[in-house]
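Q: The following block contains the structure, expressed as structure tokens.
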Amino acid sequence: MFRYDQVAHLTDQAYIDDLCDRVEQGLDQGLLPSHVFRDERVFKVEMDRIFTRAWVFVAHETEIPKSGDFVLRKVGLDQVIVTRSAGGAINVLLNHCRHRGTEVCHEDSGNTTHFKCPYHGWIYKNDGDFVGAPAMREAYGGRLDSKKNGLLRAPQVESYHGFIFTCLSESGPSLSEYLGDVSWMLDAIVKLHPAGLKVLGAPERFIIRTDWKIGAENFAGDVYHIATAHLSVNETKYISQDMRDTLKTGGGYRFQNGHGFITHRSSEMVGAEGGLWAYGLNPEIRKQFDLEGFDDAQKKMLLEAPPVAGNIFPNFSYLRGALPANAGDLPVVFTNFRLWQPVEPGVMEVWNWQFSYDALPDEYNREAYAAGQLAFSAAGLFDQDDSAVWEGVAKLGGSPWGRKEEVMLHYGQQRVEPDSTYEGKGDYFPSTFGEFNQENFWREWVKQLRSDVRNEVPA
């Protein structure tokens, strides 16, 4: 019998293999083909291979705290419903009716026991089980097997510190295996307070006409751009730090599977009381945090070179900083997580969540939300800068002249060696210069694109 997934690879396979070869060879020389940021064939294979096999963040448990709660999300190009069913189980369901395929859910969030298809009225429980259809006995004469007609369920769904991830491949690694040592970094971010993090409202969403990988690799490892792209922030009244100082204090943490985080050695910027407290946490807030549950390497990292931004491959990023909610106020720490959601070649949608620690006062959290939106949002000081320059990269990626000339982008700063005295997980590089985390991202990207879809097609 004809199977599209058994033959679809034939047209593009040689092209993708050749591109992967050129990317790998280019990285050895510090170069990257520019058209990887806007190529229809590349985009299609990314959706088919990376986003159906990687663990992708879809929601936080505090978004669906009660039985019946749901949110509508994306895994690559697939729209999914993330639900909490009776008993507290979390489900990730493909948002398409098993009858004729239309969407069964059209709300971004809500609470319900069932989903009803608006086309022919097929009904499903909020865990995806098929319940019935109008005149089912007359229409189908008992031939409709309810056990085989539920909404498609993601085969793997796991939560880590409240962050819900899904993997659409039954044969993929567990979430723990996929995260690997980067879980050590996530622990340090989330477990500063035993109550953990919570979302501060629904995610903001906005379009940037650029490739999803640009945001991901930037947050994973690009300290170098801050002194130039964000220099305009110096002219505002919201921040006292000179953006050019980041050239002296940057660094990065590299982890397996393409994950990476960046830091500013804030203890060098503001002295021994830097690190975690340099973010602007006031004494009353500091009292609520506890470092005793961390190992010695985590404590040292948090107090001397804490994570400022990072990316969990492929497209889930983190950022923490401090700005005043209003000009002239004291700075307030904000914690931001976001998805670089692919839409089409050269276009992504940013899904932007503000977080805070669950036990902190509501007044503080309101200020943290305002500070986070001021810095990173559709109208944020930093996102406006990034959007403007990132769009130019995607334009070059689609340039007929640039493609004809095989324009290569430069990823060849000095080769920096990891700090041999570092005792934490992963590798630590105490330097702004050196694109170790971007290279790490791209080598994982090549690895995923080389994973031939034929390997998972049943005989």
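Here the Cβ of each residue, glycine as well, is placed from N, Cα and C on the backbone.
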Q: Please state which member of Asp78, Asp362, Asp386 Swiss-Prot lists alongside His225, His230 for binding Fe cation.
A: Asp386
Q: Consider the binding-site residues His225, His230, Asp386 and say which one has the Cα lying nearest the Cα of Cys97 ([2Fe-2S] cluster binding site).
A: Asp386
Q: Write down the Cα-Cα distance for His225 (Fe cation binding site) and His99 ([2Fe-2S] cluster binding site), rounded and given in Å.
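A: For His99 ([2Fe-2S] cluster binding site) versus His225 (Fe cation binding site), the Cα atoms are 50 Å apart.
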Q: Using DSSP, how many residues of the domain 'Rieske' (55-166) fall into helix, strand and coil, respectively?
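A: With helix first, then strand, then coil, the domain 'Rieske' (55-166) has 14 helix, 46 strand, 52 coil.
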Q: By a simple count, how many Cβ atoms lie within 10 Å of the Cβ of Cys117 ([2Fe-2S] cluster binding site), its own Cβ left out?
A: 21
Q: Indicate whether His230 (Fe cation binding site) is helix, strand or coil by DSSP.
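A: SS state of His230 (Fe cation binding site) = coil.
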